[in-house]
Amino acid sequence: MASPVAAQAGKLLRTLALRPRFLAAGSQAVQLTSRRWLNLQEYQSKKLMSDNGVRVQRFFVADTANEALEAAKRLNAKEIVLKAQILAGGRGKGVFNSGLKGGVHLTKDPNVVGQLAKQMIGYNLATKQTPKEGVKVNKVMVAEALDISRETYLAILMDRSCNGPVLVGSPQGGVDIEEVAASNPELIFKEQIDIFEGIKDSQAQRMAENLGFIGPLKSQAADQITKLYNLFLKIDATQVEVNPFGETPEGQVVCFDAKINFDDNAEFRQKDIFAMDDKSENEPIENEAAKYDLKYIGLDGNIACFVNGAGLAMATCDIIFLNGGKPANFLDLGGGVKEAQVYQAFKLLTADPKVEAILVNIFGGIVNCAIIANGITKACRELELKVPLVVRLEGTFMEKKGSYMHIKQETGNSNGNITGIQENVTHQNLSKCAISIFLC
Ligand code: GDP
Ligand code: MN
């Protein structure tokens, strides 16, 4: 049976839509539990690429229509391509709430760039990969357009099933790669790379050939693939996707689009890259949570979930679904939290007006139950909690200072409204009790 949360968590899928989903057949659960990866805008990715010998078009970035017009003039190109900068793909076929169709436009006239940019900047662009209402465009890329004689697909990613990096390519690029994978799986080529040995020239050449590059274009494509792989490794990327990876009638292999995701665990050694993180597309509450090193995911039900660990988060959401409830969100404490973070977590959870009850489900390991209990009591006291609270603590220091009793007494002091310790909490009695603490 499909996990109910997998069916429900559209919001999560939005974050994950940025990854080529067709590659992860059967591993949706794994993807759902992954942390958010840092994503850069196309112009930022292309800057990294061009700094590392990968061929991209000349471009400028603009955040006003006037700047876009000036950039178009300065480019002094035969043709210009104007591209809305949002983190989701499918921009070419997207629609703006200004009425403008297409997030990617080609024109020979710089004045048209100015007019189009006016209908892009400040408006929402909706694509297949964005929420229905779209994502606000704050910047546009103004680039020198090149003729494209052939569009292929190339990606490099860390793949669990390969236990390391894999090159994925298709001679049918430009289009929706998921569709190619579904209708013509024989047109998807993979090349597993040994991370210790690095990419072999024979592998890059074979991929170039599979992508349909011939003659001198083959070794040029192989050279670009090698440079892309070396960049992937150097910047601790989890994914580099180029669609289209194209060729021009003049015989050049060019990366026309770029999407790079990063491993958040590498932040400490990729400071420059992480400093580029554009948080403007995040929900404000997600940014607020990130400040305290908490992971917040908004969903559309009414029960707030306060958990530690992505696996427990998923299981908790499933339990809520299976009992007829719907999670309003979940907040993942992660490991090694302090009391103050527990307090902040409660503040975030209760700020959501949809929340009608809070379920705390914590497995105490490194985060021990006493820390959580102290954090909860502080939060209950100071935030004057108005909604029912159900707490389950299990694991390290479960009994310390009588963690449960502690919560019970302290929270009881704040509103005197405890219904007592309940052994079994169901969706039905959840709404009736002010504060329930149940033991396992
Ligand atoms: P996406 O729709 O978000 O994936 O944005 P892309 O950057 O891939 O652009 C969409 C499509 O616009 C590409 O597949 C190309 O067909 C086309 N395109 C983008 N840049 C150029 C260019 O410089 N020249 C030409 N001729 N077409 C381009
Ligand atoms: Mn593309």
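Even glycines carry a Cβ here, placed using N, Cα and C.
Together with Gly365, Ile366, Val367, the substrate site in TrEMBL holds one more listed residue from Asn302, Asn308, Asn323, which is Asn308. Together with Gly90, Arg91, Gly92, Leu146, the GTP site in TrEMBL holds one more listed residue from Gln57, Gln115, Gln119, Gln172, which is Gln57.
Checked against Gly365 (substrate binding site), the recorded positions Gln57, Glu79, Arg91, Leu146, Asp147 differ in C-alpha distance, with Arg91 being the nearest. When secondary structure is read from DSSP and collapsed to three states, Arg91 (GTP binding site) falls in the helix class. Spanning the residues Asn308, Gly365, Ile366, Val367 that the record associates with binding substrate, the maximal Cα-Cα distance equals 10 Å. Glu79 (site 'Important for substrate specificity') and Leu146 (GTP binding site) are 7 Å apart (CA-CA, integer value). With respect to Asp147 (site 'Important for substrate specificity'), the closest of these binding-site residues in Cα terms is Gln57, chosen from Gln57, Gly90, Arg91, Asn243, Asn308. A simple Cβ count within 10 Å picks out one of the binding-site residues Leu146, Ile366, Val367 as the most packed, and that one is Val367. Among the recorded positions Glu79, Asn308, Gly365, Ile366, Val367, no residue has its Cβ under 6 Å from any atom of ligand 1.
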